[in-house]
Amino acid sequence: MNQMKLDKFCLVGAIAALLALIFPLAGVDLDTGKQVAFVGDIPGLAIAMALCVIAGAAFTWIGVRSVLSGTVLLAVAVFGCWQAVSTLYDHGVAGYAGTGFWLFIISLWAFVWRGIDVIANYRSLETAKQQTANVIVPVAFGMWLLFVWEVLVAGFGVPQVLLPPPSMIGVRFVTSTDVMAADFYQTFVKAVLSGYVLGCGSAFVMAIAVDRVPFLKRGLLPLGNMVSALPIIGVAPIMVMWFGFDWQSKAAVIVIMTFFPMLVNTVTGLNAAGKLERDLMATYASGYWSTLFRLRLPAAMPFVFNALKINSTLALIGAIVAEFFGTPIVGMGFRISTEVGRMNIDMVWAEIALAALAGTAFYGAVAYIERKATSWHPSFRVRRH
Amino acid sequence: MTLKEVVNNVASMPASKDAVVDIKNLSLTFQTADGPVYALSDVDLTINEGDFVSFIGPSGCGKTTLLRVIADLERATGGDISINGVSPEQARENRAYGYVFQAPALLPWRSIERNVTLPLEIMEISKEERIKRAHDALKLVELNGFEKKFPWQLSGGMQQRASIARALSFDADLLLMDEPFGALDEIVRDHLNEQLLKLWARTNKTVAFVTHSIPEAVYLSTKIVVMSPRPGRIIDVIETDFPRDRSLDIRETPEFLEIAHRVREGLRAGHSNDE
Amino acid sequence: MTGSLAGPSIWSRMMSGQTGPVCVVLIALFALWYVGAIFMNAPTQIDKYTRADQTWTTSQLIEDTLAQERPILPAPHQVAEEMYKTIFATKITSKRSLVYHSWVTLSSTLLGFGIGTILGIVLAVGIVHVMTLEKSLMPWVISSQTIPILAIAPMIIVVLGAIGIKGVVPKAVISTYLCFFPVTISMVKGLRSPQVIQLDLMRTYNASKWQTFWQLRLPSAMPYLFASLKVAIAISLVGAIVGELPTGAQAGLGARLLAGSYYGQTIQIWSALLTAAFVAAMMVVIVGWLERRVLARMGVKP
């Protein structure tokens, strides 16, 4: 019990921050031949580094055990991150970052990891507290990744045509909302939603019809399963030829892509009701439709929603890729391929961020409805421990 | 932590020289969202070498939890416990006991023989030795000839026998069994009980056996521990003096019925407390 | 039913199983395809007749609709002919050979699949063993499934091309990126699939983390791994095909699709599409065969 256990991460953080104060902050300017910047000239950064040394040394000794100490570490790290970014952009270190700067980033990494570690291992019996911790951890991790991306790109001076920093993408996202709104409307509202509804709806009806004919069921199910492994996206050029450049051809691709997952899942789901329950319905002399609506469709719902979730992702992919084969001059896929051609990579990233947001929101909406509709299902029961 | 344990161990050692399991004042409380659950409270028990001890009681009385504390699968929150004079954790690290679960828990991708050799592999025993010991263990449970079969090719009773062979394979002196025959039908269970008794008589192992069947407990044991729920505690310890090699016929004798009656009374008394 | 004393005939056995129904459905699809080809190609054909001031009969119309050079929907036999020509009758080194194009696509598919699978397994092992990784990384891995990842394909190709990486690697990068997600998620599930009782068993043996991993977690995860590999190989092929689009139709099945759509070569599109489907099916069949072999060696109930 009396054995002293040093906190390794904090030790690394403290040492790295200490070395950061000693090593040169930035490289040499090619034109003037002088050092770009010194720690001594940037009081904010110097304070941040000193704080890291102090906090690191202190926590190395006392250890990081409580959430409070983890939060203190994270707060120090956040201040450090802020100072690092401001050093890059306000003091001209961007593109000239030297050993000292990177040592400081390593120090920050150690603190962030240790801080997240403490919160990730936090256990509370109160659901609200536990859930807050469960949200903070991935969010903090994601922010850290964005920061690393920003700092690496700016610090090494990576050309923007290769990889723009997230701040630049964010600015582009905000400043070109009108273009993005038009693309979103064209690709998502027109093509994705109509194709999704049509594809899923027709497959659902087809599944109920197929279910009545065992012969068809046995014939279609293996084929349907096989089709899901095929690169159906390849029908895109054919659909563009048949239905023209506008959204109808994209909707057609989506209908084909979403049809089979829905068909297979619904047919499987309709057979999911147990024999016992079916026998029970039989003892009530319940007819086909009555059994379908009272027993088999509700039992099939988890399967149907599974297909709806798979299809929500497939639909967006289908629409974007189909636009690579021909489109009017609007749409997310069109924007991506043309802006790549013009080397406006920040616009491409903004468009990808939009696609990610749309995809996640779409999936989230379907998942939300699923949760409401099939709350009885075991996978949604609240876990006790 | 370690220092305290050492002190405790020293204190508890002279208590009884052949005490395999020595439990004093043991308690275990689970913290849950609905408040604390007192799984075990104030448990005192000594299991001597060669004993066959049964734990009996309604569900929730902590009999399985107690067994798991002995096996270091749960940690007690109060009191002292020592296995062969050391802490449960050390006992586990010494591989001092074999554990048989409610279900066979055989690994489906290993043959019966390879399932039995699994603990030996983990203990890094040489291959020839492993095969030899597996052969011996399987013979003890009369499963020789089934070495190359996979678990799904065996009946439920045979699978459970294989899992007993697995627990026997590394020859620990203490055998912890958690309702091993609970999922089997009456006839298979009688047969396995008989076999288990023979095995116990032959190997002179110490057995701790959890069950919820009164006849099983009385038939098998030298000592019956009757437990009761909320909080989980021991309400009676009954010693029996049947001979070590007993047959199923003793279940018709008046002594047997008398002990069974006493167990039933104990269980009933434990129940009336909270109803 | 009469005369079936010796048990059900082959015919009725086939029909009560899967083979018969699948064949019937396939035949029906082919019939539908022909009918569709006739009806979809008829308008242009009739147009042609009127312009040439030619009289026509129905049988002549049907014959001609199934033999157009650039039909809206080519008939199955036209596609089959084209496939035969480009697969068997052309030297495989030729740029017109579909075998050559398939190989181009397949090589990046397999490279990406291999790297992606390894990456996915390593990530899953990390997530299962390091609590902090699970809590911080896993939510992102799951939500990344909802993102249309294929959208970044053109950018990866162009950006990697700009720094001088061309050919197989950029496409493999896309395939890698696509297939490591399903592998990670399945493997996390699989490595977690041992029951509590089995983990307790390992604990009673005082088994180390690695012993538990090799003896229990990894074997338990095998069925999950193979299920995800089937998804991964299929999606890997899609990634390679889409990765071939932005390079402007140089080589590969995706390039054939794009070139076909530029020049209105519908027969070429369909044959490339069917070849891609065939390649995908073969990949899945191979993975399935491997799965059966491995699981059989592990003694899983057939």
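Heads up, the Cβ atoms here are built off N, Cα and C, so glycines get one too.
Note that this is a predicted model, so its numbers are computed, not measured.
As recorded in TrEMBL, the features of this protein are as follows:
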type	residues	note
TRANSMEM	A:43-64	transmembrane segment
TRANSMEM	A:71-89	transmembrane segment
TRANSMEM	A:95-114	transmembrane segment
TRANSMEM	A:135-158	transmembrane segment
TRANSMEM	A:188-210	transmembrane segment
DOMAIN	A:204-373	domain 'ABC transmembrane type-1'
TRANSMEM	A:222-245	transmembrane segment
TRANSMEM	A:251-274	transmembrane segment
TRANSMEM	A:314-336	transmembrane segment
TRANSMEM	A:348-369	transmembrane segment
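For the transmembrane segment (A:251-274), the residues of the chain that approach it from at least six positions outside its boundaries are 190-192, 194-196, 198-200, 202-204, 206-208, 210-211, 217, 220-221, 224-225, 227-228, 232-233, 235-236, 239, 242-243, 295-297, 299-304, 306-308, 310-311, 314-315, 317-319, 321-322, judged by C-beta separation under 8 angstroms.
Only pairs six or more apart in sequence are counted, and the transmembrane segment (A:222-245) with the transmembrane segment (A:188-210) gives fewer than three Cβ pairs under 8 Å, not enough to call it a contact. Contact check: the transmembrane segment (A:71-89) against the transmembrane segment (A:314-336) gives fewer than three Cβ pairs closer than 8 Å, residues 6 or more apart, which falls short of the contact criterion. Proximity of distant same-chain residues to the transmembrane segment (A:95-114), defined by a Cβ-Cβ separation under 8 Å and at least 6 residues beyond the stretch ends, is recorded for 7, 9-10, 12-17, 19-29, 36-37, 39, 45, 48-49, 52, 55-56, 59, 64, 70, 73-74, 76-77, 80-81, 84, 87-88, 140, 144, 148, 151, 154-157. Beyond the ends of the transmembrane segment (A:43-64), by six or more residues, the same chain brings 5-7, 9-11, 13-18, 20-21, 25, 70, 72-73, 76, 79-80, 82-84, 86-87, 104, 107-108, 110-111, 114-115, 117-118 to within a C-beta distance below 8 angstroms of the stretch. Residues of the same chain lying 6 or more positions beyond the ends of the transmembrane segment (A:188-210) and with a Cβ under 8 Å from any Cβ of it are 216-217, 220, 247, 250-263, 266-267, 270, 292, 304, 307-308, 311-312, 315-316, 318-319, 322, 331-332, 358, 362.
Within the chain, the transmembrane segment (A:314-336) has long-range Cβ neighbours (under 8 A, six or more residues past its boundaries) at 179, 182-184, 186-188, 191-192, 195-196, 199, 233, 236-237, 239-240, 245-247, 249-250, 253-254, 257-258, 261, 347-348, 351-352, 354-355, 358-359, 362.
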